Amino acid sequence: MRPSWTWGVGLGAGALVAAWGLFAPWAFLGLGLLPFLRLPFALGFGLVLARALLFPLPEPPWGAAVEGVFAVRGGFTRAEGHLLWVSHYPPLPDGRYRLRGRIAPPQGRTNPGGFDQRAWLLSRGAKGVLRAESAEPLGPLPDWREGFRERLGAGLSLEAREVVEGLVLGDKGGLETAYPLFQRAGLAHLLALSGLHVGVLVGFAVLGLYPLGRWRYLLALALLPFYLLLAGPSPSLVRASLMAGLSLLGLFLGLGGAGVVQALGLALFLQLLLRPEALLGLGFQLSYLAVLGLALVLPALRLPPGPRGYLLGGVAASLAVQAFLLPLLLHRFGFAPLLAPLANLLALPLVALLVPLGFLKLFLGALPAPLVEPLARGLLLLAGLAAQGPLLRWGEIAPPGFALYYLGLLPLLFALHRRLPWRRALLLASLPTLVGLLAARPKPLDLWMLDVGQGDALLARMGGGEVLVDGGRAEKGEAVVRALRALGVEALELLVATHPDADHYGGLFRVIEEVPVGLALLAPGFPEDHPLAQALRARGVPVVRAGAGTRLKVGQGEVRVLWPEALSGDDNQDGLALLLDFGRGRALLLADLPREVEARLPVGEVEALKVSHHGSQSGTSEVLLERTRPRVALIGVGPNPFGHPHPEVLERLERHGAEVRRTDQDGAVRVLFGYAW
């Protein structure tokens with residue numbers, strides 16, 4: 001192993017173990033690399049760990065009242081000496097505002113597959129949230145970049161302009177409709193500024209300044225800070241700029257360009273030394289993994305010369321990136337597009353033309369627009385077509401799952417570099433798969449109450465069949481979909497809407513867009529022409545309105561409808577009461593039923609009780625609790641002006657020995673009844 005290679009890899013590996021260990025102490029097991037990488041590893045580890053411990057992000061004054069005029073840029077502002085995320089609905093565009101609010105801690109991940117605001121803010125160098133109670137706009141912010149943006153969009157249609165702004169500046173603000181298509185097509189990384197963009201910029205500069213000899217490398221290096229300021233320091237752009245900068249500096253000093261692996265390790269070390277928390281960002285993780293895949297696979301290939309070699313190289317590059325990103329994509333998004341390698345192969349020529357033309361437009365304005373417009377529309381068309389392709393779906397992956405996957409890749413990489421016979425490599429690669437199969441658990445019998453704020457959403461996994469009961473408000477639909485993906489739910493055997501209030505059914509519209517549904521059970525209070533019933537029928541889902549006595553077999557369990565016996569005309573009284581029988585335990589779900597209905601339910605003891613009406617005083621009577629004797633009481637609740645859950649309800653539950661779990665305090669709650677093969 002060459003010393004230079006050792007230094008790059010050692011510094012990067014040491015920095016990675018130190019930063020990772022700050023958030024997941026088991027990562028310190030990586031110290032086992034010390035005997036192999038020695039001094040470089042020790043330096044990288046020690047410097048990053050010292051940086052994190054000696055200069056941590058300061059703690060904002062939680063609860064402090066804030067009032068005054070603030071500049072908001074990219075959703076962030078500075079107050080009380082801290083970088084803060086401004087929480088306001090609707091989100092505030094860039095500008096000057098008179099804000100009044102309080103500083104609050106960010107929210108961690110509250111649902112499976114949910115957004116971890118705390119980790120995201122830490123990766124951006126922020127630790128607190130300014131919860132704005134009022135925001136008065138005072139005017140725009142001066143922005144030296146506006147002229148560049150106007151020239152970039154000059155002469156283009158709105159759709160083409162949004163694509164080009166995403167490709168050249170990494171601005172995805174206008175891509176609300178198109179960006180999900182890029183994600184489902186496996187092309188979203190093209191809108192994350194990275195090595196391709198930096199390579200084009202530096203390549204044009206080096207070629208254009210060729211007469212200046214070695215000084216052209218220094219001038220090209222000076223372009224990198226300008227591009228970082230223009231586009232913003234995203235993790236992938238910082239990584240690409242550091243790698244390019246190290247190579248350019250080496251060429252200027254006559255040391256030669258840094259190798260990809262060496263430059264990658266050094267860039268990783270420098271980026272984590274500047275901000276160890278950057279490791280928590282998804283863009284950071286995807287960027288380094290993608291380049292690592294390219295660096296380890298492409299040099300081992302012997303490609304034929306000419307167009308055939310370029311074609312095979314493009315296929316190999318796309319497959320290498322997908323192979324290294326696959327578990328992370330499945331873990332974070334719940335799916336991976338199977339057409340991504342082909343889509344990337346077709347998109348690359350378009351992007352290779354669009355990026356340099358976009359850079360020219362920054363200075364020439366509308367002049368290159370006739371060339372840019374059809375290329376941008378072609379890329380949009382390709383993303384739309386590829387987004388219709390099949391998806392590999394998977395739930396969240398535990399750390400041992402990641403370890404087994406990459407251990408399986410190792411022997412294949414050795415074989416690719418001719419260090420191991422392919423037959424032996426395939427045998428070794430199959431061993432982690434075998435271990436994973438042997439360690440696989442049977443199907444769970446459990447009930448999840450998801451955190452959808454002031455609303456209800458429950459998922460029952462019944463040993464081979466899944467039931468979703470309610471979906472919270474409309475704005476919580478995406479959170480429910482993410483949770484279903486994270487929990488590995490590919491289809492719902494049964495979808496239930498217990499009540500025609502928006503806090504029960506609103507999020508179900510998003511669910512039925514993304515998840516196949518076998519049968520829908522609606523409370524009798526839903527009219528025939530209700531939008532939810534119409535949306536279900538439009539997707540070919542059978543809709544049933546059931547009352548007391550309905551029994552449905554799901555997986556290895558059963559769903560029983562206990563109420564209503566007859567319609568009263570009151571939505572709360574006509575809601576569905578469900579008894580979920582898991583075979584190894586039972587759960588009673590009460591929608592918003594009042595206490596007079598609870599007293600009439602034909603039910604005995606249960607293990608879990610979904611408390612009626614978010615803990616309102618109108619339900620959860622003594623009669624019900626004496627009859628059901630629940631071990632766990634689940635309350636779906638968020639910030640509200642109604643005083644939910646009522647103190648008397650909480651006192652009754654405690655007196656009857658029920659363990660109270662609230663989504664506003666505990667996030668999503670899981671009740672495990674057992675497992676079924």
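Each Cβ is built from the backbone N, Cα and C atoms, and glycine gets one as well.
Over in TrEMBL, the protein carries these features:
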type: TRANSMEM; residues: 7-29; note: transmembrane segment
type: DOMAIN; residues: 87-136; note: domain 'DUF4131'
type: DOMAIN; residues: 167-418; note: domain 'ComEC/Rec2-related protein'
type: TRANSMEM; residues: 190-209; note: transmembrane segment
type: TRANSMEM; residues: 215-232; note: transmembrane segment
type: TRANSMEM; residues: 244-272; note: transmembrane segment
type: TRANSMEM; residues: 278-298; note: transmembrane segment
type: TRANSMEM; residues: 310-330; note: transmembrane segment
type: TRANSMEM; residues: 342-363; note: transmembrane segment
type: TRANSMEM; residues: 397-416; note: transmembrane segment
type: DOMAIN; residues: 451-635; note: domain 'Metallo-beta-lactamase'
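The stretch from 7-29, 215-232, 244-272, 342-363, 397-416 with the most CB pairs below 8 A to the transmembrane segment (190-209) is 215-232. Within the chain, the transmembrane segment (397-416) has long-range Cβ neighbours (under 8 A, six or more residues past its boundaries) at 24, 26, 296-297, 300-301, 323-324, 326-328, 330-331, 422, 424-426, 428-433, 435-436, 439.
Note on the domain 'ComEC/Rec2-related protein' (167-418): mean pLDDT across this stretch is 89. The residues of the domain 'DUF4131' (87-136), classed with DSSP into helix (H, G, I), strand (E, B) and coil, number 7 helix, 20 strand, 23 coil.
At the 8 Å Cβ cutoff, the transmembrane segment (215-232) and the transmembrane segment (7-29) share fewer than 3 close pairs (sequence separation 6 or more) and do not count as touching. Outside the transmembrane segment (278-298), and at least 6 residues removed from its termini, the chain residues within Cβ reach (under 8 Å) are 16, 19-20, 23, 119-120, 122-124, 189, 192, 194-195, 234-236, 239-240, 243, 260-261, 264, 268, 271-272, 313, 316-317, 320-321, 323-325, 328, 332, 413, 416.
For the transmembrane segment (244-272), same-chain residues at least 6 beyond its ends with a Cβ under 8 Å from one of its own Cβ atoms are 4-5, 7-16, 18-19, 44, 47-48, 195, 198-199, 202, 214-215, 217-218, 220-221, 224, 235, 238, 278-279, 284, 288, 291-292, 294-296, 299. Remote same-chain residues near the transmembrane segment (7-29) are listed as 37-49, 52, 258-259, 261-269, 272-273, 276-280, 399 (criterion: CB distance under 8 Å, separation of at least six residues from the stretch ends).
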